[in-house]
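J.: Feature list, courtesy of TrEMBL:
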type   : residues : note
REPEAT : 169-209  : repeat 'PPR'
REPEAT : 245-279  : repeat 'PPR'
REPEAT : 280-314  : repeat 'PPR'
REPEAT : 315-349  : repeat 'PPR'
REPEAT : 350-384  : repeat 'PPR'
REPEAT : 385-419  : repeat 'PPR'
REPEAT : 420-454  : repeat 'PPR'
REPEAT : 455-489  : repeat 'PPR'
REPEAT : 490-524  : repeat 'PPR'
REPEAT : 525-559  : repeat 'PPR'
REPEAT : 560-594  : repeat 'PPR'
REPEAT : 595-629  : repeat 'PPR'
Amino acid sequence: MLLLCFHDSKRIKVVVTVYKSLRWETARQIRFGIATEMYGLFQSINAFMMCVHIFACVGMHMEVYAMLKDIVLNFPKGEFDLVKIFPLLLASPNDSKVSALVVDVLIKVFAANKMFEDGVYAYFKGRKLGFRLSNFSCNFLLKCLAEARRKELLQTLFEEMKRSGPSPNVYTYTIMVNFYCCKNHAQHKVDLERATDIMMEMAKRGVSPSVVTHSVYIHGLCRTGCVYFALDYLRDMRHKNELLNSYCYNAVIHGLCAKGELVEATNLFEEMMSSGVPPDLYSYSILVDGFSKQGSTEKSLSLIMEMEAINIKPSLVTYTSLLNGLCRSAQMEISLDLFYQIEEYGYKHDQVAHNILLNGFCLHGDLFYAHKFLEKMTNNSLTPSALNYNNLIHSFCKIGSIGEALELLRAMIKEGHYPDIFTFNYIINGFCSKGNAEKALELFPLMLKMDILPGVVNYGTLINGFTQQFNIKKALQVYTRMLKVGVTPDTTLYTILITMFCRMGELNDAYRLFREITFQGLRPDNVSYTSVIAGFCRVGDMSRALRLFNEMALGEILPSVVTYTCLIDGYCRVNRIDMANMVLDEMRRKNIPPDVVTYTILIRAYKRLGQVNRALELLDQIRNEGINLDAFAFKTLCNDD
């Protein structure tokens, strides 16, 4: 009866041959896309579905999947409407078992090809028709929805499975727990509360979590910082003789190491072994990384030796962690030896290992080896990154080797890396530190030529350079130019200008700029306040200085030892040594210890006022506090002038 709709002998032959032989090769002779072009959509669907139903009747699931996939993916463009074609995919009403299998496989086809709405529709339609769908297909759709972060469809399917079946099993629940414990789901954060609810729901329904369920939940706890709760949970599971694996333990060990709790992490590592769970490569690598970051490189090395003794081969990541620890603790010679030793083991170092050593050499001032290592990277077909160049340029500028820094800048550009405002700022600062702000200014046209607009950090460095050379006129010219091109000053730049005006004795201008900080929506910091306070103290205007000092407290800005010392110096200048001592007492109450400058100012004031005995008493007090006065303080005390 079904064959009556086919007037083409070839199609009849294919269907009959499939029916008689159950040969997949025969069914593959005509692809669905070609069939629709040759015979039309309706007849092609009927022919293909006959073959599908034949294969379904004898349980040939793979063949059913392949043919349904061919239909779904090669449907004429823009004509696929599951609502309309769904009835055509089903077998006769009397054979619901075959139809159920077809829908079951169809759900997998939709899920695998990210046709999620169609997959969920097929599920609901199948359940409405009373078909018994498999947990495997529904869980597969659920897993694909979770991986695609389709939260609404995921929750809809999960809730419907609980209502109408198939009843969620341990795999269903594990998929859901993993979704909520994974950092990069639709909400971009772990929803630990929802994950915990699902774990509790499992217990109520009598579904026992698997080792995978436990591990993903423990990872979720650790990702949200609940490391100690995860530790308690892990130990509770162990006491209940629940099956645990290294993945469960590794999550907590990693969490403890991240918090710096290496003793606790090591204890858990030992508990893991005593519980019969052998540590794996990751267990050891986590500890090696933790100890290396804390500078305990000997412990890291002993762990690597332990790994080798039990035939766990350290990975490149393991060795790289140790390299990082050695470089941090300034053991550069050992780091370099290890670097070459790792190569002898057959590993090829990646960019990360090269970066660690290069940055280590820069950090500890060994620029000869740093430069040499940069060349080695190039010889090993590794392109140095912009960060590598920046670190090396910064290091050369710090020691005043501006020529080498400029050479590196040229090499950086040649390699195709574009410097940024910070790259240029290292060189600008280098020139300014050597008293050559004019040379630094020449870099600005080069920046503009490279479409790098100088920022406030560049202008601030240059203005500070000119003020350090007492070239106030040039500093103000640069500041004016900066405002013209639309660059807004930040708190740091305002502080530089305030300090400059204070040194010039232009306190009104300094104070105006100070108030402008707040007007511009910025917040004055400790340095800004201290600069203005120092200016008023220098001219003996202690009322305004004290007013600003009190304003700091209202703004919850903590004064530094420099701030207090400026006030003490100001009061000493106006012969109010009593007030100076009150400030000193407040420093001690606030646990801000006076430094040698503070005491030198007081000794000088006592000496000037003829109170030599008080100066000597203060000297004894200073010695008791373990502070060594400098030569200037002693000269002040001994000078009879």
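Start at 1 and count along the chain as shown; that gives each residue its number.
Glycine too: its Cβ is placed from the backbone N, Cα and C atoms.
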J.: By a Cβ-Cβ criterion of under 8 Å, what residues six or more beyond either terminus of the repeat 'PPR' (169-209) are in contact with it?
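T.: Sequence-distant neighbours of the repeat 'PPR' (169-209): 135, 138-139, 142-143, 146, 149-151, 154, 158, 161, 216-217, 219-221, 223-224, 226, 242.
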J.: Can you work out which residues elsewhere in the same chain, 6+ from the ends of the repeat 'PPR' (315-349), have a Cβ less than 8 Å from its Cβ atoms?
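T.: 281, 284-285, 288-289, 291-297, 300-301, 304, 307, 356-357, 359-361, 363-364, 366, 369, 380.
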J.: In the same chain, which residue numbers or ranges, 6 or more beyond the ends of the repeat 'PPR' (350-384), come under 8 angstroms Cβ to Cβ?
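T.: Contacts of the repeat 'PPR' (350-384) (Cβ under 8 Å, skipping residues fewer than 6 from its ends): 316, 319-320, 323-324, 326-328, 330, 332, 335-336, 339, 342, 391-392, 394-396, 399, 401, 404, 415, 417.
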J.: So what pLDDT does the repeat 'PPR' (385-419) average out to?
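T.: Result for the repeat 'PPR' (385-419): average pLDDT 88.
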J.: Run through the repeat 'PPR' (560-594) and tell me, per DSSP, how many residues are helix, strand and coil.
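T.: Helix (H, G, I), strand (E, B), coil: 26 helix, 0 strand, 9 coil.
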J.: How many of the residues that make up the repeat 'PPR' (595-629) does DSSP mark as helix, as strand and as coil?
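T.: Per DSSP, the residues of the repeat 'PPR' (595-629) fall into 26 helix, 0 strand, 9 coil.
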J.: Is the repeat 'PPR' (595-629) packed against any residues at least 6 beyond its ends, judged by a Cβ distance under 8 Å, and which are they?
T.: 561, 564-565, 568-569, 572, 575, 577, 580-581, 584, 587, 636-637, 639
J.: Can you count helix, strand and coil residues in the repeat 'PPR' (455-489) using DSSP?
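T.: Split into helix, strand and coil, the repeat 'PPR' (455-489) gives 26 helix, 0 strand, 9 coil.
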